[in-house]
Amino acid sequence: MGDPSKQDILTIFKRLRSVPTNKVCFDCGAKNPSWASITYGVFLCIDCSGSHRSLGVHLSFIRSTELDSNWSWFQLRCMQVGGNANASSFFHQHGCSTSDTNAKYNSRAAQLYREKIKSLASQATRKHGTDLWLDSCVVPPLSPPPKEEDFFASHVSPEVSDTAWASAIAEPSSLTSRPVETTLENNEGGQEQGPSVEGLNVPSKAALEVSSIIKKKPNQAKKGLGAKKGSLGAQKLANTCFNEIEKQAQAADKMKEQEDLAKAAPKEESIVSSLRLAYKDLEIQMKKDEKLNISGKKNVDSDRLGMGFGNCRSGISHSVTSDMQTIEQESPIMAKPRKKYNDDSDDSYFTSSSRYFDEAVELRSSSFSSWDDSSDSYWKKETSKDTETILKTTGYSDRPTARRKPDYEPVENTDEAQKKFGNVKAISSDMYFGRQAQADYETRARLERLSASSSISSADLFEEQRKQAAGNYSLSNVLPSAPNMAQFKQGVRSVAGKLSVFANGVVTSIQDRYGS
């Protein structure tokens with residue numbers, strides 16, 4: 001037995017899906033299911049087919065009715081002997097009404113139905129072979145054929161329908177008698193009566209319309225035709241004059257317009273009164289400005305300074321603008337920053353004094369190295385230095401206004417430093433600028449003096465005096481020697497000179513600041 005062709009598969013499923021119960025999903029009731037469970041012979045939607053796949057093929061085998069084309073005859077027979085109607089009735093008979101997929105298809109009823117579908121499909125395959133149709137595949141055996149429901153028939157009871165037909169039969173006579181009465185009433189009313197109803201005199205047309213209404217919508221016969229005999233649901237026209245009604249409507253419109261105008265008039269009057277008050281305020285303000293003779297520029301200045309009349313809340317105002325004068329600013333002369341100048345000068349005094357003390361320390365240190373020099377030349381040098389410092393600092397007018405910065409001589413861009421320090425790994429600024437010559441000379445002198453000794457200490461190398469033992473004092477150690485006394489005198493003299501120079505500068509600055 002060969003496999004069915006694609007055309008056979010489409011033909012079989014087209015006929016199976018034409019059954020009303022197979023047009024919805026077996027599990028959720030969604031319309032137009034396109035998947036099928038071969039194990040139970042039911043049609044499923046795509047969402048429920050995913051749930052069946054998670055159960056496993058031993059419980060439910062899923063295939064597509066539109067995409068899959070490799071169906072076998074046994075699988076087609078399972079779908080033909082099954083169906084949604086057969087499966088739902090079988091599960092209902094065995095008491096399985098749960099909507100949970102796992103509980104439903106793992107139940108005893110699902111197991112029995114699987115075995116039943118398998119046995120019926122095997123019998124149909126042996127009996128019919130490759131025939132497309134089975135004897136019982138068109139009408140499901142376990143469910144009666146569905147009857148199409150009529151919407152109007154379900155809403156209309158038999159008694160009501162009989163009444164509607166009886167009223168429809170008796171209707172033409174009432175239609176013929178009704179227009180005659182209306183025409184008589186119209187003739188008695190005169191010419192100014194309502195619209196004519198002469199069109200209702202034709203009985204044949206009215207009878208046709210009534211019959212068509214009854215055929216299409218029998219439920220409406222209950223409302224219009226069965227409730228009242230001899231009426232179509234239209235109201236009877238009264239003997240009224242349409243001209244009078246029109247006049248009344250026009251009069252009502254005129255009254256409404258007059259009421260609207262009466263309501264709008266107070267609003268317009270309030271707006272006009274507010275505008276008049278605003279203009280009066282402006283006129284009063286302009287008169288005040290004219291009285292005070294305020295020009296445009298003064299008025300702007302007074303408003304800018306916060307002295308305008310518009311900012312005055314009370315009626316009393318100060319006459320500031322009457323004596324207002326415009327002062328033209330001339331080019332200002334830059335004043336000398338006296339305070340800054342004096343502060344800088346004071347700073348220069350303090351910095352100069354520190355410089356003097358630094359020079360004294362340098363002189364003190366140099367006196368040790370040049371002890372062998374004559375005292376006369378030493379005193380001459382010191383006196384010349386003191387006079388130079390006095391001449392430098394006594395001139396107050398020649399002092400700079402700003403703090404003096406040290407003058408650095410620019411280093412010439414030559415190749416001497418590169419030739420001198422080319423092979424050296426590290427150099428200092430003193431070595432680069434040549435400020436280490438004196439220190440190197442003193443160091444070489446100490447090394448030559450200690451070259452004959454067998455051992456030296458750091459105190460001998462740096463000429464540090466050793467601490468003498470306690471109790472080993474002599475008169476020579478207590479009294480200062482002649483060189484120390486001379487050095488002391490020279491230091492006292494230099495300090496006294498510096499103090500006199502500093503005092504002279506302070507007195508001069510006080511006189512310049514407070515005397516003049």
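Glycine residues also receive a Cβ, built from the backbone N, Cα and C atoms like all the rest.
Because the structure is a prediction, the values reported are computed rather than measured.
Noted in Swiss-Prot for the protein shown:
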type    : residues : note
DOMAIN  : 10-126   : domain 'Arf-GAP'
ZN_FING : 25-48    : zinc finger
REGION  : 170-199  : region 'Disordered'
COILED  : 243-264  : coiled coil
REGION  : 392-414  : region 'Disordered'
Could you pull the average pLDDT for the zinc finger (25-48)?
90
Within the domain 'Arf-GAP' (10-126), residues counted as helix, strand or coil by DSSP:
64 helix, 11 strand, 42 coil
Under an 8 Å Cβ to Cβ limit, what residues of the same chain, 6 or more beyond the ends of the zinc finger (25-48), are close to it?
16-17, 59-66, 75, 78-84, 86-88, 99, 101, 105, 110, 113-114, 117, 121
